[in-house]
Amino acid sequence: MSYHDRRDSDPIKPSIHEMEASRSWQQVPQNEEDITSYNPYTSQTQDLGYSASASVETENSKDNEGQMPLRQAIKLYPKVAGYCLAMSIPIVGWGYDLVIVGAVVGTDSFLKDYGEMIHGKMDTPGNWLSLWLGLPPAGAAIGSLLGGWLQNKIGRKFTLMMGTLVSAVAIACMFFSHIPEPLDTKRMLLTAGLTIQGFTVGIIRGVCVTWVSENTPTALRGSAMALFPVFTLLGQLIGLLVTLAINGIEGNSGYLGAFGSQWILAVGPLILSILMPESPAHLIRTGQEERAIKSATRLYAPKINPFSQLERIRATIEEEKANTASATYWSCLRGTNLRRTLIVGLASIFPPLFGMELLSNANLFLRSMGMESTPSLVFMAAGVVAGMFGNAIGFWLLSRTGRRNMIIPSMGVAAILWGAMGITGFWSSEALTWVAGGIMMSVIIVCGLGAWPAGYAIVGETSSLQLRSLTQGLASIAEKGFSITLAIVLPMLFSRDKAALGAKTAFVFCGTSVIGAVLTWLFVPEMKGRSAIEIDQMFEMRLPARQFKGLKLQAHQVQESAPLAMQQQYA
């Protein structure tokens with residue numbers, strides 16, 4: 001039974017205060033009347049087609065929000081765009097953490113306090129190093145899983161606040177771990193801090209992805225999700241710069257400064273958790289209608305009628321509730337939701353598939369091939385900058401072209417580049433080592449233009465609103481599991497005391513890139529320009545992936561009027 005066949009759902013009713021406060025929405029410039037006026041007798045699907053053009057929209061116009069240019073969409077939804085940008089602030093901390101831990105444990109000052117003499121040289125024992133590199137992503141996977149459940153219980157806003165506060169405790173464990181005298185106590189305290197920090201990163205990242213994906217309009221959704229890889233790389237770049245700075249500092253001040261700097265990065269998410277509006281979709285789903293009106297007003301008014309936006313969110317959630325009785329992890333693995341969860345899981349592992357694990361450790365990899373330390377660090381920094389450049393263009397491309405058109409070609413080109421690099425591994429020369437570094441930079445640019453940002457867009461739009469936070473948690477398990485596996489296997493392949501494959505390691509990612517392109521062609525549908533309710537309906541129809549793009553859905557003739565917008569119209 002569809003939402004439009006039911007008559008028993010209670011309408012969302014604005015209070016007298018809210019109706020009085022909303023009178024200003026009717027005072028709009030003449031050239032914006034076509035995008036702000038609302039006809040309560042028009043169907044909700046027709047209401048989806050707000051036009052950002054100044055010309056009057058005709059009844060038969062087929063223009064819809066999904067085809068709106070990015071610049072025009074930002075102008076129409078300035079507050080939403082601003083909050084999406086703000087939600088990227090915690091992602092900087094995530095990128096920073098990815099770099100800083102691996103960099104700090106190799107510094108001389110750190111080894112003096114936490115290392116031991118191995119074969120006449122201060123070094124970190126392999127078992128402790130494995131724990132420090134492996135437990136943070138494992139903690140992040142658990143944090144994502146718990147965070148997905150917690151978001152549905154206490155909301156996105158308070159989950160972000162909780163994750164940030166626990167993060168501050170984790171940073172304290174790392175910062176003060178040098179104080180105890182026993183060496184093993186120092187190491188255990190540091191291990192606990194790193195694990196808890198990974199746990200909080202999983203929670204915080206899950207909140208940001210969920211909030212952005214469920215509150216951005218169709219025209220902004222893909223580009224907004226593409227901000228995450230850009231700001232992840234920005235955090236990594238900051239981490240690299242901090243690493244270069246602390247290398248020249250004697251004593252423990254260097255690594256303590258690196259650990260303590262994470263407190264500074266935690267301030268932004270804490271302030272954001274206090275100031276941000278709660279997600280209207282979460283509030284509607286949990287029956288908090290008055291709070292939903294206030295949040296929607298902060299996000300959409302005055303250019304967009306927040307009441308009509310809430311009606312659209314409500315229609316989608318009620319449709320989903322008719323098909324999914326409760327929001328649980330088990331629900332994500334049943335019926336059509338299983339297909340959607342698998343697609344989100346596939347999109348989340350695009351970075352490991354195109355070689356992000358090797359690219360993130362480019363300095364270690366290139367050093368194993370004989371490159372000096374400084375050039376290898378320069379290559380890594382250049383790769384981060386190149387990735388930011390590629391993702392910045394990918395941010396714009398997502399508003400212009402489809403997800404499949406970005407993923408499949410970029411994965412294909414990445415496979416060719418990795419294959420070429422693997423072939424160079426059959427010879428040994430210093431020049432070919434530099435060629436390998438150049439190819440790795442090319443891969444990150446190509447995938448930054450396509451698979452990386454497009455993967456985030458798919459993660460943000462595929463799951464249902466009701467199960468979004470839970471699906472993100474399951475997808476994170478897949479991503480972290482894949483990443484941990486590669487983190488263990490890759491050093492065995494390229495290390496000089498192990499397989500010593502050198503550039504031939506690239507053949508692994510030549511194969512995984514091909515697999516990613518093929519799986520995308522077979523299973524990932526094109527959802528660009530589709531509203532949440534349209535995506536729900538196409539999955540319910542069990543359409544093959546390659547039929548999504550060409551399907552023309554009939555407009556729903558909504559039988560119920562939109563009570564919020566109707567009362568607003570005559571307030």
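Glycine is no exception: its Cβ is also placed from the backbone N, Cα and C atoms.
The feature region 'Disordered' is assigned by TrEMBL to 1-65.
For 1-21, the entry in TrEMBL reads compositional bias 'Basic and acidic residues'.
What TrEMBL records for 23-58 is compositional bias 'Polar residues'.
Annotation comment: TrEMBL describes 80-106 (among others) as transmembrane segment.
Counting residues 6+ beyond its ends, the transmembrane segment (126-146) has Cβ neighbours under 8 Å at 97, 101-102, 105, 114, 163, 187, 190-191, 194-203, 205-206, 329, 472-477, 479-481, 483-484, 487-488 in the same chain. What TrEMBL lists as transmembrane segment is 126-146 (among others).
Summarising the annotation, TrEMBL assigns transmembrane segment to 158-177 (among others).
For the transmembrane segment (189-212), the residues of the chain that approach it from at least six positions outside its boundaries are 84, 87-88, 90-91, 93-94, 97, 101, 114, 128, 131-132, 135-148, 150-151, 156, 159-160, 162-164, 166-167, 169-177, 180, 224-225, 227-228, 262, 269, 276, 279, 456, 459-460, 468-469, 472-473, 476, 480, judged by C-beta separation under 8 angstroms. Annotation comment: TrEMBL describes 189-212 (among others) as transmembrane segment.
Annotated transmembrane segment per TrEMBL: 224-249 (among others), in sequence order.
Annotation source TrEMBL lists transmembrane segment at 255-275 (among others). Residues 86-87, 89-90, 92-93, 96-97, 100, 103-104, 107, 109-110, 157-158, 160-161, 163-165, 167-168, 171, 174-175, 178, 197, 204, 235, 242-243, 246, 249 of the same chain sit 6 or more residues outside the transmembrane segment (255-275) yet have a Cβ under 8 Å from a Cβ within it.
For the transmembrane segment (342-365), the residues of the chain that approach it from at least six positions outside its boundaries are 98, 102, 236, 373, 376-377, 379-380, 383, 387, 407, 410-411, 414, 418, 437, 440, 443-444, 447, 451-452, 454-456, 458-459, 462-463, 471-472, 474-476, 478-479, 482-483, 486-487, 490-491, 494, 505-506, 509, 512-513, 515-516, 519-520, 523-525, judged by C-beta separation under 8 angstroms. TrEMBL lists 342-365 (among others) with the feature transmembrane segment.
Among the features that TrEMBL reports, transmembrane segment is placed at 377-398 (among others).
Feature annotation from TrEMBL assigns transmembrane segment to 410-428 (among others).
TrEMBL lists 434-459 (among others) with the feature transmembrane segment.
If you look up TrEMBL, you'll see 471-494 (among others) marked as transmembrane segment.
TrEMBL lists 506-524 (among others) with the feature transmembrane segment. Outside the transmembrane segment (506-524) by six or more residues, the chain places 342-343, 346-347, 350, 352-355, 358, 403-404, 407-408, 411-412, 414-416, 418-419, 421-422, 425, 436, 439, 451, 458, 493, 545-546 with a CB less than 8 A from a CB of the stretch.
Counting Cβ pairs under 8 Å to the transmembrane segment (434-459), the stretch among 224-249, 377-398, 410-428, 471-494 with the most such contacts is 377-398. Remote same-chain residues near the transmembrane segment (377-398) are listed as 70, 222-223, 225-227, 229-230, 233-234, 236-237, 240, 244, 359, 362-363, 366, 371, 406, 437, 440-441, 444-450, 452-454, 457, 528 (criterion: CB distance under 8 Å, separation of at least six residues from the stretch ends).
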